[in-house]
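Participant: Below is a structure I'd like to ask you about.
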């Protein structure tokens, strides 16, 4: 009985690892072209955090810059109540261009971040596998250089999110806002 349970757990872990390896990364990724200001247009996740915060979420800005050692400094500014909150994250590059790692200093969660596809001038689709002691979750972000994207790009985001196992109620096109947009440049 004990051996069978361990075997099942091993298969489940193997399946989770295989699922992570099926997430594509942008071919010929050019990191310097990803830098600059982006708007978060869409967010999808199966995390408890997302389920709790979803009704309050709005579009935010994210500024990506390259550090001297080739990593990415990611600064997001978003509305929270009557204020603007800023969150800084350092995405450490991996051996695979377009793939980064990040460990949350606050929660200790490990993030496997992949730039799935981008044309650098219009949109970027980013997928993150998050692992922490309580389990794993998936997050998909859709970034845009402007506050609006074509219906085709929005549909691609929704389709890709579904392909990652996310349900429609876990997929959100973020409500547009002008709050906290000007001070993020």
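Heads up, the Cβ atoms here are built off N, Cα and C, so glycines get one too.
Annotation comment: TrEMBL describes 1-19 as signal peptide. Residues or ranges marked as domain 'Lipocalin/cytosolic fatty-acid binding' in TrEMBL: 35-178.
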Participant: Tell me, what is the mean pLDDT of the domain 'Lipocalin/cytosolic fatty-acid binding' (35-178)?
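Facilitator: So the average pLDDT across the domain 'Lipocalin/cytosolic fatty-acid binding' (35-178) works out to 94.
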Participant: In the domain 'Lipocalin/cytosolic fatty-acid binding' (35-178), how many residues does DSSP put in helix, strand and coil?
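Facilitator: Split into helix, strand and coil, the domain 'Lipocalin/cytosolic fatty-acid binding' (35-178) gives 25 helix, 74 strand, 45 coil.
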